[in-house]
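J.: The structure under discussion is supplied below as C-alpha cells; questions concerning it will follow.
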C-alpha cells in the first residue's frame, strides 16, 4: 500500500481547466493501472481464471474506485496531511464493505468464488494510489471521471486476461456468466474448442503471470510502433545538401 | 605482438565449439535412448522427433521476430539438445500435441524470451517438462509396462506407438502402468516389503527395467565426464546428497521408507544428475558452487519425492536450484591466485 509514492508523476494535478480527454487516455491506456502502474496485481493474478470472475472483480473495483475518489475529493480540503492516508483507507474500506454486502445479496455464488479477494479490494494499491495522487488534489468531477477511467482500464485488462486464461485453460469463453447476469446469461457459454484437454497451467496463477507479461509486452510493442510512426512523420528533412563545416575554424 | 582476438577462456581446445559440445551431449544420451526404446517401445523416439521439429520451428520463429540470424543459431544444436532431453523425459505414450506444447514452451518462454542460449536462468527442457506435468497430469504419469509383464506388447510395434501418439486415443491404455516411484508413492498404508510384493509397478521386472535405463544414462554421463564436457562436482554432489538423505530416513524408518538404492536407480536420478543438472547455462559455475548446487538438488528431490505431490522431482528440484544458482555463485567465488582469504566476522582475541 505504500506504493502510492511511485504512482505517476505524470499525472497533471491541479491544472486550471481540466483536460478530460487526458484523464480518459491516462486511465485506459497511458497510465493503465494493470499494464503500466502494475498496481493491484494480487487480485489481477488471482481471480482472472475466467471471464465472469474477471468482470465481477473488475466491476467491484470500479465502483469502489469511483466512490472513493469522489469521497476523497469532497473531503480533500478538510483532512490534515498527516492523517490523510488513514482517512482514505477508511473511506475505501467502507465502500468495499458496501460492495461486499451487495455482492453477498445479489450474486452470492460469485461472491463465494471470489472469496477473500473482495475484502482485499481495500488493499488494492491502485485505489489508494488514485485517492492520494489525483482525488486529493482535484475537484469532484475530474476525480469521479479519473476513478471511472482507471477502474475501466483495470477492468478491461482483467477481462482480457480472464478471457485468455479461460480460452487456453478450458477451451471456452463466457462460461457461468449467469453467476453475474442472472438466468438470461445461462446459455452464453461459448465452447470454442470442443473435446479440449484442460490446460491446468493457464488456470493456475503462474498462467496469469505469463499472460500479463504477454499483454504488457504487446502494449509496449504498440507504443514503440506508434512512437516510431510519429518520429518518422516528424523527420521529413527537406531535400538538398546540408553540409556542416568540420574543418578549419569553427566559430 | 600479435594479440589473440578471441574471447576468454583462452585455454579451450580447438574445435570445441558450442555445436560440438551440444552434439556430444546428444550422442551421450544414445545409450539411454536405446535402452528406453528397447524396454518401452518406439514412443520415445517418436517423441524426440516431434520435439525436435517443434523446438526448431519455434526457435526459428522467435529468431525471425527478434531479427537474429536464424541459420547461425539453429546450427548450434542447443534447441535440438533441449528437444532430445525433453523427448527422453516425457512418457513414451503422450499425445503429440503435448510434446509440441512442451517443446515450444521450453524454447519460446524459457529460452528466447530471456535472450536465447546463454541467458536463460532456467533449464529450458525442465521448464517445458514442468509445464506439461502441471497442466496434463494424467498422460504425464502413464509409462508403459515392463517387458516381463506384457511380453507380447513389450516392444510396442511402431505403428501402435504412432497411433497412440497421433490420435490421443487410449489405444494402449491397457499397457500402461505407473513408474516404480509413482507406485511406491501411492502404496498407501502398505509397508515397503508388502508393497514390493504386491504392487505391479514395483515388481522385479519393472524395477530392473528402470535399473537398466539408469545404468545407460550413467554410461552416457561417464562419457561426458571423460570428454570433460561436464565436471564431476554436480553429479556426485547430486547423487551423494540423494543417497545420504535416503539412507538417513531409511535407517530411521526402514519399514516405510525406500532404500537409497531404490531412489538412485528407479527414477530419473542418473538422467537428471548427468544431463539436466549439468546444464552449463543455468547451473553454478565455480566448482565449489557446483557442489552446493548438486547437494541442493539431491536434498530437494528426496523431499519432493517423499513428502511432495509428485512421484519424481528432478524437474522441480532443478528449477528451484536454478533460482538459487546466482546466489550460490556469488558466495562461492574462487579466490584469485595470490590473494589471501578474506577476513570475516570478529576475530577472537583481537578485541582491543
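Including glycine, each Cβ sits where the backbone N, Cα and C put it.
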J.: Among B:174-194, B:258-278, where does TrEMBL put the label transmembrane segment?
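T.: Based on what TrEMBL states, transmembrane segment spans B:258-278.
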J.: Quick one: sort out which of B:96-114, B:153-171 is the transmembrane segment according to TrEMBL.
T.: B:96-114
J.: Could you check whether the transmembrane segment (B:20-39) packs against the transmembrane segment (B:126-145) - three or more CB pairs closer than 8 Å, residues at least 6 apart in sequence?
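T.: Between the transmembrane segment (B:126-145) and the transmembrane segment (B:20-39), which are separate recorded stretches, there is no contact, as judged by 3 or more close Cβ pairs.
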J.: Cβ distance under 8 Å to residue B:179 (FMN phosphoryl threonine), same chain, sequence separation 6 or more: which residues?
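T.: Non-local contacts for residue B:179 (FMN phosphoryl threonine): B:141, B:143, B:201, B:210, B:266, B:267, B:311, B:312.
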J.: At a C-beta cut-off of under 8 Å, are there same-chain residues at least 6 beyond the transmembrane segment (B:45-63) that contact it? List them, or none.
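T.: For the transmembrane segment (B:45-63), the far contacts come to 33, 37, 69-70, 73-74, 79-80, 82-84, 86-88, 90, 92, 94, 96, 99-100, 102-104, 106-108, 111-112, 116, 158, 161-162, 165.
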